[in-house]
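Enquirer: These came from TrEMBL, pasted as-is:
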{"type": "BINDING", "residues": "H102, H254, H258", "note": "Zn(2+) binding site"}
{"type": "TRANSMEM", "residues": "52-72", "note": "transmembrane segment"}
{"type": "TRANSMEM", "residues": "84-104", "note": "transmembrane segment"}
{"type": "TRANSMEM", "residues": "116-140", "note": "transmembrane segment"}
{"type": "TRANSMEM", "residues": "185-205", "note": "transmembrane segment"}
{"type": "TRANSMEM", "residues": "217-235", "note": "transmembrane segment"}
{"type": "TRANSMEM", "residues": "296-317", "note": "transmembrane segment"}
Amino acid sequence: MLSLKLPRLLSINQVPKGYREQGILFGYRPPRSSAADCLLSVFQMTNETLNIWTHFVPAWYFMWTLVGRLWGPGDWEDPHAWPLLAYLLTCCIYPLASSCAHTFSTMSTRARHICYFFDYAALSMYSLGSALAYSAYVFPAEWVSGTFHHCYVPVAVFNTVVSTSLSCYSRFLEVEQPRFSKASRTLAFVYPYLFDSIPLFYRFYLCAAESCTEAAILVHYKHTVFAFLTCFIFASHLPERLAPGHFDYIGHSHQVFHVCGIISTHFQMEAIMMDMAERHRRPLPTSLPPSSLQTLGSMGICTAVSLAVIGLCSMSLRFMPEPLQR
């Protein structure tokens, strides 16, 4: 009979330093696992199992939404819909890249770094997708076609390149300077989010001053609350930081971080679609449909630069020694 042997799980003292997570004491998969072992571990309860599934399943939900839009009446032919399609594509890619990174990160130290290089690049591309959608549908009416509006997407492209570069570089500091590495990685993703949200924050200000009742604003509020909660959980390592060993398999911060991030993206997607429908019903006189250069060009540039950054960082890994497994 064909029998499958699940990988043996290790404690925190049995894995190299670069594999250890604060407050997680047990449930580690063996370093230098084969690809088959990594795939088998998806169906084994480890400290990574829910990290994998909490992003793998939502990726298909976003894919279903994207396909529904592509098969919709003329969406892919309408330049007004291109920023939404680009945004939805990044919504599919970032959780799928994260799920793959968590699945195959124990093949080797170099494979672990490369997996997370792609994970960070996908998350940075999601930031650009959000900026494209915000530029097309979320900008306040009085800002549309102004100087900031014209500079918004080019700056978002620059931010995406910086975010990918800084987050990938932070992995080289992980063992020797873990706090600085964590702070750099957090900054790499928080700054683009704050910049992308400037138009939204201004709409929040106007809504609070004028007591507006826009349905989309209420959904944007939900998205923003979950976005800030996602950042807090990622940076704080709660709850496992307060009770090491009690949340090794279920309930640790990275799992909660994934769930909050997906919920935040869901609310953001719903709010963007509501704003898009409103702009379609009531087009602004100064607003022009997004050009293919702005949408496809921005995505293409960032994809090419991100792959170049990943390639450069991957080649630099050969100068990093492989840690010994204890």
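Cβ from N, Cα, C; glycine included.
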Enquirer: With Cβ distances under 8 Å as the criterion, find the stretch in 52-72, 84-104, 116-140, 217-235 that has the most pairs with the transmembrane segment (185-205).
Expert: 116-140
Enquirer: For the binding-site residues H254, H258, work out the Cβ neighbour count at 10 Å and name the residue with the minimum.
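Expert: If we count Cβ atoms within 10 Å for the binding-site residues H254, H258, the smallest count is at H254.
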Enquirer: Within 8 Å of the Cβ centre of H102, H254, H258, which other residues of the chain have their Cβ, at the recorded Zn(2+) site?
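Expert: Apart from H102, H254, H258, the close residues are E48, L50, N51, I52, T54, H55, S98, Q255, F257.
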Enquirer: Same chain only, please: residues at least 6 beyond the ends of the transmembrane segment (52-72) with a C-beta under 8 Å from a C-beta of the stretch. Say none if there are none.
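Expert: Non-local partners: 42, 81, 84-85, 88-89, 91-92, 95-96, 98-99, 102-103, 255, 258-259, 262, 265-266, 269.
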Enquirer: For H102 (Zn(2+) binding site), list the number of other Cβ atoms lying within 10 Å of its Cβ atom.
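Expert: H102 (Zn(2+) binding site) is surrounded by 27 other Cβ atoms within 10 Å.
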Enquirer: Mind checking which residues reach the transmembrane segment (84-104)? Cβ under 8 Å, same chain, six or more beyond either end.
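Expert: Sequence-distant neighbours of the transmembrane segment (84-104): 35, 38-39, 41-42, 48, 51-53, 55-56, 58-59, 62-63, 65-66, 69-70, 75-76, 111, 115-116, 118-119, 121-123, 125-126, 128-130, 132-133, 136-137, 258, 262, 265, 269, 272-273, 276, 295-296, 299.
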